Amino acid sequence: MVSAKTLIIDSGPQSCFFLLPFAPCLLPCITGVICGKDNSVENHLEMGKKLLAAGQLADALSHFHAAVDGDPKSYVAYYRRATVYLAMGKSKSALPDLTKVIELKPDFTSARLQRGNLLLKQGRLDEAEGDFKKVLKSSPSSREEQEAQSQLKKSDEIQRLVTQARSDFGHEDYSSAASHLDTIIDTCVWDVDSRELRAECFIQMREMGKAISDLKAASKLRNDNTQAFYKLSTIYYNLGDHEMSLSEVRECLKLDPDHKQCFSHYKQVKKLNKQIMSAEELIQQQRYGDAVSKYEAVMKTEPDVPQYTFLAKERICHCLSKDQQGAKAIPVCSEVLQSDPQNGNVLKDRAEAYLQDEQYEEAIKGFESAKEFSENDREVIEGLERAQRLLKQSQKRDYYKILGVKRTAQKKEIIKAYRKLAQQWHPDNFQDPEDKKKAEKKFIDIAQAKEVLTDPEMRSKFDQGEDPLDPESQQGGGHHHFHGAWESFQGFNPFGSGPFSFKFNFN
């Protein structure tokens, strides 16, 4: 008696049940499923072929995967899957399939020719030549023969150029070596060694952008290319791009956490990056003194790469300018501009520093230079207008100079200076009529300076280049004016509750 077995095929809402004897074949239950290994493989190959013709590559690939799994000895299944891989741009996946085709059917010239072309693109010249020569010995079609001969000739020429490029590189003729490698890479587009050698030529020629391009390609063409990531990181670091340097060295450590060069470099880049980011946060918080200290630490962390020293000094210039330390800012900004005379931001910062240092003509020149590189920068436009007003103002009377205080002086300093000068120039201290008249004028100037500089609103106007006590500067009046007339000082005690008491007498 033949035993039987129940087969349940789940096809969604309804399942099929069969009571079948053990047999090599099962009856079809779902549309499209055909009994038998051979028929199933043929079905997948046919469906894959149709989908490939329709451009549905992913679906076609799924059918060819099934065909290969169904019959691992079907050279047709491997070949068609390789065709899809090539159409999808996945040459690395296509190569082992073509190799399998050739193992199963050594006289399949089309597969061997395609493999030779892939090997040539990868720069595996000896292997490529071997395939092209075998194609020529295997009764190829005229088209295949012509292509094999052409590719064999090209491979021979590439071999010669590789030898020449390596010789030139050894003799430090990097330009000639790079030129030969250009020709090689035009054909061997996936050749990692040639790209890395050309990158080294570009590094020696100081063409870092081109070196980066080749190394990025090399890092993708070889899965475990830690050296490419390391070189990319060091190039970015030496260019002053600490963030990209950190990103690339992390990729190296993902591939090999114990990579000595990458780990050592990572610690240095991470420390520098942290310092710079911290300094920029301090600037955002307007903690300019702390930011200066942090950028001074950056220069100590990396004294050998000029880009970081330049960056640090550029930002220190900015911080000192923002911190109203014009005298300190000017030499730092000037040093940066020696290396980069067209740096609009530094020109603006130095112009602002000149303003703070009361070098108004230099400030005007600085803002005009900055305007050439940042025409629509509002700060530059406003700074230039302010410098022009302050220059005009300085040619009249300067309340800061009258009291002998800096523009950054606090109210206490201003009052202290005023009291000292008022005591010195009080008219009652002078007996000679001419001296008394001179003292009266001086005393009024001192009192006006004190009035303007101790009033926040009037001081702000004065700092913007407008004299709040000058009718011409007010353009039509309506503002507060100093009382002006000498008579207003009758009985006035400039020292408040202090120990001094003066009586004004007129002759």
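Glycine is no exception: its Cβ is also placed from the backbone N, Cα and C atoms.
Record features, source TrEMBL:
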- 455-464: compositional bias 'Basic and acidic residues' (COMPBIAS)
- 398-466: domain 'J' (DOMAIN)
- 135-155: region 'Disordered' (REGION)
- 455-483: region 'Disordered' (REGION)
- 41-74: repeat 'TPR' (REPEAT)
- 75-108: repeat 'TPR' (REPEAT)
- 109-142: repeat 'TPR' (REPEAT)
- 226-259: repeat 'TPR' (REPEAT)
- 344-377: repeat 'TPR' (REPEAT)
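Averaged across the domain 'J' (398-466), pLDDT in this predicted model comes to 89. Within the chain carrying the repeat 'TPR' (344-377), a Cβ under 8 angstroms from the stretch's Cβ atoms is held by residues 314, 317-318, 320-322, 324-327, 329-330, 333-334, 336-337, 383-384, 386-388, 390-391, 394, 407-408, all 6 or more beyond its ends. Sequence-distant contacts of the repeat 'TPR' (75-108) (same chain, at least 6 residues past either end, Cβ-Cβ under 8 Å): 41, 44-45, 48-49, 52, 57, 60-61, 64-65, 67-68, 114-115, 118-119, 121-122, 138, 190. Long-range Cβ contacts of the repeat 'TPR' (226-259) within its own chain (Cβ-Cβ under 8 Å, at least 6 residues beyond either end) map to 196, 199, 203, 208, 211-212, 215-216, 218-219, 265-266, 269-270, 272-273, 276, 305, 307-308, 310-311.
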